[in-house]
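> Here's the feature list from TrEMBL:
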- D143: active site (ACT_SITE)
- D468: active site (ACT_SITE)
- K113, E114, D143: UDP-alpha-D-glucose binding site (BINDING)
- K284, D308: Mn(2+) binding site (BINDING)
- 26-45: transmembrane segment (TRANSMEM)
- 57-75: transmembrane segment (TRANSMEM)
- 544-567: transmembrane segment (TRANSMEM)
- 579-597: transmembrane segment (TRANSMEM)
- 669-690: transmembrane segment (TRANSMEM)
- 702-720: transmembrane segment (TRANSMEM)
- 732-755: transmembrane segment (TRANSMEM)
Amino acid sequence: MESSSKLPLHLCHVHKLSIFINRTHIFFHSIALVFLLYYRASFFFFQDTTKTKATTLAWLLVFVSEIFLSFEWLLSQSFRWRPVSRTAFPERLPGDDKLPAVDVFICTANPEKEPTVGVMNTVLSAMAMDYPPEKLHVYLSDDGGAAVTLKGMREAWRFAKWWLPFCRRYGIKCRAPEAYFSAEEEDADFGGSEFIEEREDIKLPELMGEIWVQEKYEVFKKRVRERATVGDTRSGLSRDHPAVIEVIQETSSDDAIQENETKSMPLLVYVSREKRHSHPHHFKAGALNVLLRVSGVISNSPYILGLDCDMHCHDPSSARQAMCFHLDPKISPSLALVQFPQKFHNISNNDIYDSQLRSAFWLLWQGFDGVGGPCVSGTGYYIKRLSLCSNSIHEVEFPDGDPMKLRQSFGPSNEFIKSLHQNNKPDMLIHRKNALLNEAQLLASCAFENGTEWGEEVGFMYGSVAEDYFTGFRLHCKGWISVYCNPPRPQFLGSGTTNLDDFLVQGTRWTSGLVDVAISKFCPLIYGPLKTYTFVQSMCYAELALFPIFYFLPLWCFATIPQLCLLNGIPLYPEFSNSYFIVFSFVFLSSISKHLYEVLSTGFTFRHWINEQRIWMMKSITSRLYGSVDALMKKIGMREASFFPTNKVDDAEQLKRYNMGVFDFQTSILFLAPMAALVILNIASFAVGISRVIFLGELDKFFIQVFIPFYVILMNYPIVEGMLIRKDSGRIPPSVTLLSAIVSLIFYFLGCIIFM
C-alpha cells in the first residue's frame, strides 16, 4: 500500500514521431509558401506587357487570399508543434474520505428543443457517478424557467432512488437509463456490445431487478411526457420570470428499496435565475455564474464539472480520473481544469457533416495540451472553483481585507464572500436551510452583478457567446494551465447534429462568438503572447479566433476570381511548363496529403477525409461568413447578440437520410443560395475551360484554373445532385436552384465588367 501511494497518478506521453513528421512538414511546406508568395509579389514589381488593371486586380485579390491562408496555416501548426496524450490511474487515488467534493453544473434553456427526458437522463447519469454521494452535488440551470423541467427534476429524484442502487449493486458502467435500456441500438464503437454483455450478465433468475427498474423508468418517462403535453413546456426565454431555487427532495419511501440505499443520494438542486428584459442575461455564461454563486452558499465544492444537458456521463469514473490530475501536488497549484473530449452516440459511419469534430478532439487538443493546455470546451470539464474566483493564479487565498473591495468584485452577498475561503463549508442544518435558500434567491437575481467584476475578471467570461473559449483564454492569461485527457472509453456522450440546418446554425453561432474575441481588446495575437503559458499557446488561441475570417474571405475568392478570369481568358497561375507550377502543385498536394494522413492516423477513412473537405468548403462560404458579419455588426452596435440552442429533437426523415449518407438541404435559403450559386459558377467555368483546352489548345496556360473548378465540383457533388438529380423532399428546391443560377449570372456579368 505504501509503494502504491508513491506511484504517479497520471503519465504524460510525448508523441515524438508525430512531432518529427509535423515539424518536417512545416519546414518544407513553409519553403514552398515562400516561393509561392514570391511568385505572386514579383508580378507587381516586374514589367509585363500583358499586365492590365483588370489582371492586376485579380492577381491582388488572389495574392491577398493566399497570404490569409498561409498565415492561417502557420497559426494552425501551433497545434502540431508538440502533441501529447495522458493516462490517468484512478485506482491509485486515496480513499473516498480524502477525495474533494464536486459540484455538477448542467445547463438547459428550452424544453422544446432540449427534451426534458433527455435532460433528466444527463441529471441521473451525473447523480450515479462512481463517487462518494455525500461529496457529489448536482445543479440544473433552467434558463427557460419551464415548469416541465422542475417537475421533471422531482420525477428524476424519485426514479434515482431505484436507479442509483441498481447501478451500484451491479457495477453498471453506462448510467444514463435511456442509453442503458436501449443498448442494442448503441453503436458498438462506443461500447454498445459491452452494454449488451453487461445486461446479459445480470439477466439471471436471481437478478430480475433490472426488469423492475425498467418498469419504473417507463413510468418516469410517462409522467415527464404527460407534464409536457399539458403546456408545461412553455419556456421563459421570451418572458420575464423571477428566480426559483429548489433543493429537490422527496420524503415518501418505497418498501422495495433498502433504507440505507435511499440515503446515499447526491444533493440535487434546481436553479432558474431571474430574467428581466431590462437586464442583460449573458446567455450560458450568465447561467453558469449564477450556478457558481448559488452553489457557493449551498455546497461550495472545490471542483466543478460542467455538462451540456445532452451530454450524459458515459463512464462513471470520470470524476476519479480528473482527480488524478487535480490531486497531483506537482501540477495541482497551477492546474485550472481537466478537459475531456466531446463524443457522440448518434454519429453515423459516414458522418457527412463532421458532427463529431474529429480534427479538434482527436488531434488539435492533443497539441493544445502540449503547449499549456486546451481551452474550456463547453462541456465535459472539471474546473477548480478557485480559478474562477481569483483575479490571478497568485491569489491562492482570499484575505479578509477590505470588505468593500470584495463586494465590488463579488457582489453584496456576505454568505458568498465567506464561501470564497475554501476552508468555509456552508451550514446546511435545518435552521439555516431556509436562510441559505433566501440568500441563493439574491445570488440568482438579475441585478446582483451590477457594478461587480462578474464576467469581466471573475467567473465565466461575458462579451461572447463562445464563453467557454473566452473563459479558457482568460484563465491561461492569468497563469493557470489545463490538461486534456482522452481515455479509450468515452467519459461523456452527447447528441451530435444530424442535419445540415442545425449544423450550419451551430457553426454560425460558434463563429460569431470566436470572432467577437478576435476583434476585441482580448485578441489573442495582441493580448496573449506575454501572458499565456507559452507563445505557441497564444498562437493556438489566435488560430481558433481568427480562422473563420481567414477561411471565408479566401474561400469566396478562390470560388469566384479564378473562375471569372477563366471565363474572360485571364491567366492567374503559372503555365504547366513554368517551374513555379511545381511550387503551386506541391503546396496543394502537401496540404491535402497532410490532412489525409491526419485523418487516417486518427483511425478514420478516406471517405471521412472527403466529407471534411466538403463540409470545410460549405461552412467557409456560409457559417463563417454570416458569423463574422454578425460579430462585426455587434461590434459597431448595429444589432444585439443572439443565442439559439441547437435542436436536440430528431426528425425521423432527416435522421434516415443522415444515416444513409445523404445530405438534407432543408435549410435556409441564406445557406443554400451561396453554395448552389458558387457550384453553378464553377460548373460554367469548368465547361468553358474544357472548351478552351479542346478547341484553343490552352491546357498549358489554364491547367490550374481548369483544375480548381473541377475540384470544387468534385468535392461538392452532393449539391450538384441536390439541384439536378434528386426528387425527394431533402433536395435543393427548384426555386432556389433558379435563384442561384441568377446570382451566378450576376457574378458573371460583374466579372465581365471588372476583368474585361
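Any Cβ shown, glycine's included, is placed from N, Cα and C.
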> Which one, 26-45, 57-75, 544-567, 702-720, 732-755, has the most C-beta pairs under 8 Å toward the transmembrane segment (579-597)?
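Per the Cβ count, the answer is 26-45.
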> What same-chain residues lie close to the transmembrane segment (732-755): Cβ under 8 Å, and 6 or more beyond its ends?
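Distant Cβ neighbours of the transmembrane segment (732-755) are 54-55, 57-58, 560, 564-565, 567-568, 570, 665, 669, 672-673, 676-681, 684, 719, 722-724.
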> Quick test of the contact rule: Cβ under 8 Å, at least six residues beyond the ends. What residues does that give for the transmembrane segment (702-720)?
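Sequence-distant neighbours of the transmembrane segment (702-720): 352, 558-559, 562-563, 565-566, 571-576, 581, 584, 610, 613-614, 617-618, 662-663, 675-676, 678-679, 682-683, 685-686, 689-690, 692-693, 732.
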> Just checking a number: largest C-alpha distance across K113, E114, D143 for the UDP-alpha-D-glucose site, rounded to a whole Å.
13
> Work through the recorded positions one by one (K113, K284, D308, D468) and name whichever has its CA nearest to the CA of D143 (active site).
K284
> Please work out the number of neighbouring Cβ atoms within 10 Å of the Cβ of K284 (Mn(2+) binding site), leaving out its own Cβ.
22
> Could you give the Cα-Cα distance between E114 (UDP-alpha-D-glucose binding site) and D308 (Mn(2+) binding site), in whole Å?
10
> Any idea what the Cα distance is from K113 (UDP-alpha-D-glucose binding site) over to K284 (Mn(2+) binding site), rounded to a whole Å?
16
> Take the Cβ of D468 (active site) and count every other Cβ within 10 Å, whichever protein chain it belongs to.
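Looking across every protein chain shown, the total is 24.
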> Other than its own, how many Cβ atoms are within 10 Å of the Cβ belonging to D143 (active site)?
25
> What whole-number Å value do you get for the CA-CA distance of D468 (active site) and K284 (Mn(2+) binding site)?
9
